[in-house]
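Per TrEMBL, the features are:
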- 41-60: transmembrane segment (TRANSMEM)
- 133-161: transmembrane segment (TRANSMEM)
- 181-204: transmembrane segment (TRANSMEM)
- 247-265: transmembrane segment (TRANSMEM)
- 314-334: transmembrane segment (TRANSMEM)
- 354-376: transmembrane segment (TRANSMEM)
- 388-409: transmembrane segment (TRANSMEM)
- 415-436: transmembrane segment (TRANSMEM)
- 448-466: transmembrane segment (TRANSMEM)
- 478-497: transmembrane segment (TRANSMEM)
Amino acid sequence: MPSLSNTERSQRWPTPLERVHRWFTAGTTGTNHHQRELYPLNFWLSTLALFLVGLGSRLLTYPWPKLLETSVCRYYYEEDGYHGEPSPEFCADERVTSHWLSLIRLMQLLSPLAATVAQIPMGILVDKGRRRLAFILNITSTVLYCGSITIFGIALFHVHLRCTRLTVAGLVRVFPLWCFYISPVFLLAGGGPWMTSSLVYATINNIVRPDQRTTAFSFMEGLSGLSGLVGPLLYNETMRPPLWVSYILALILYSLALVPTLYLTRDDNLGMDNEAREDEIPEETEPLLSAGNHSAREVILSNRSGERSLAPRLNIFIICFACFFGFHLARGSISYTFVWVWLSFGHDAIFTEVFTYIRAVVLFFLLLIVLPLASSRLDKTWRVAKRDLILSSTWIAFCTVGTLIVLVAPNLGVAIIGFIIATLGYAMPISLRSFLASHFEKNFSGRLFAGIGVVENVGWLIDLSLMQTNYYTEGAPFVISLVTYAVMLVLLIRLAIKI
């Protein structure tokens with residue numbers, strides 16, 4: 001990895017982080033080529049921002065639907081002329097539940113759609129060299145989105161009704177329910193939490209060499225996802241305090257995420273240095289899109305002996321984006337495993353926490369240990385692009401086998417084994433992102449990863465509809481996922497053979 005000494009380029013890190021930067025890059029500017037520097041400071045800053053945003057979102061896993069339920073329940077409670085606190089029995093009424101579910105589904109549709117609209121403009125902003133501004137807009141939109149929901153759902157005032165013998169203190173809503181539909185509008189300003197990972201991917205892609213890209217992406221996902229290890233604990237703990245406590249904590253975390261992004265530095269000179277270093281890497285060729293220069297890049301299609309013809313790059317582009325779409329369309333079956341266990345084996349909801357912990361632990365070892373080691377091992381045999389395709393095909397094969405095992409599992413133990421195998425496939429988008437990034441100049445990183453985010457959001461929205469439609473249809477989500485995984489596996493294997 002090239003040195004990032006800003007002193008050599010007449011650029012200084014902000015004073016609070018100058019010493020930290022020296023820690024991360026110590027021993028890398030000498031002549032000893034055996035010394036390796038850790039990832040540049042921009043890597044750690046962007047990963048920290050993603051971690052804080054992810055932790056804030058996990059804090060709202062329970063409070064978000066509960067706040068909507070409470071708001072709908074109070075709306076009908078006051079509409080019926082009651083005052084005070086509604087009882088749980090009243091909130092379980094059919095009309096309350098029906099309205100609450102429709103509100104949740106509409107919010108789950110409007111919010112990702114608004115974030116999707118903002119993705120490409122944000123990607124363009126990154127490619128124009130305004131990465132710091134893009135992060136600021138993104139986190140600001142997240143704070144406004146979460147804050148507006150907090151205000152619309154929790155802003156209440158006390159009204160005292162004086163009768164002849166009794167004074168009743170009641171809580172009356174300040175905002176009508178339709179105000180919740182205003183919240184997604186704020187996501188148009190920066191994409192909210194749906195866009196943060198795309199910005200981080202683009203940032204990291206611009207500061208690492210091609211042979212280090214997959215490992216860097218894996219570390220980023222693993223480190224930023226550490227909050228998943230305490231996911232069930234957070235879920236349980238947020239049930240106890242008032243709803244506004246969780247929302248205030250989430251807003252604080254979102255606001256703190258703004259701090260590391262303010263110290264992100266430009267990497268224009270870094271990009272030139274990277275490209276110079278890439279010239280030393282053999283087997284590279286012109287990217288799919290370029291910004292006018294013809295610096296050496298990774299080899300994507302091999303045509304040394306003339307026995308193989310170059311596959312159309314447009315086909316590669318379509319296949320990769322189809323796989324991103326299909327993966328997010330099919331991975332809903334992993335979450336459906338919780339329901340499948342209840343339906344098939346009669347276990348209660350406590351096993352939801354068991355599966356959640358299993359998934360968090362598997363992802364921890366997968367992203368921080370297994371994938372980096374596998375990538376390093378394959379580097380000794382295959383070129384970078386070939387390595388990424390082999391890894392992507394392997395992860396999809398794990399998804400296929402694991403989903404099939406869960407579908408035919410005769411008992412809970414076998415279902416857990418299948419669930420673990422299927423969870424290993426979560427690494428597929430990481431290696432496939434690295435492969436597709438090989439086709440693009442780094443000046444297009446923002447638009448590339450924003451485009452991937454758009455496709456993934458669309459796949460997730462369709463998956464959400466399918467899982468809701470087939471929620472109580474035994475095995476239907478697994479069948480949909482199996483077919484999708486099988487198609488993706490065939491496409492990736494054929495592409496890997498041609499590379």
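Cβ atoms here come from the backbone N, Cα and C positions, even for glycine.
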*Among 41-60, 181-204, 388-409, 415-436, which stretch has the most Cβ pairs under 8 Å to the transmembrane segment (314-334)?*
415-436
*asked:* So if I exclude everything within five residues of the ends of the transmembrane segment (354-376), which remaining residues of that chain have a CB under 8 angstroms from its CBs? That is, six or more out.
replied: 214-215, 218-219, 221-223, 225-226, 228-229, 231-232, 334, 337-338, 341, 387, 391, 416, 419-420, 423-424, 426-427, 430-431
*Quick one: find which recorded stretch in 181-204, 247-265, 415-436, 448-466, 478-497 has the most Cβ pairs under 8 Å with the transmembrane segment (388-409).*
415-436
*Non-local residues, at least 6 beyond the ends, that sit with Cβ under 8 Å of the transmembrane segment (247-265)*: 6, 11, 13-14, 16-17, 41-42, 44-46, 48-50, 52-53, 55-57, 59-60, 63, 67, 131-132, 135-136, 139-140, 142-143, 146-147, 149-150, 154, 203
_Close approaches to the transmembrane segment (448-466) from elsewhere in its chain (Cβ under 8 angstroms; 6 or more beyond its ends)_ = 108-109, 112-113, 115-116, 119-120, 122-124, 126, 194-195, 197-199, 201-202, 205, 321, 324-332, 429, 433, 436-437, 440, 477, 480
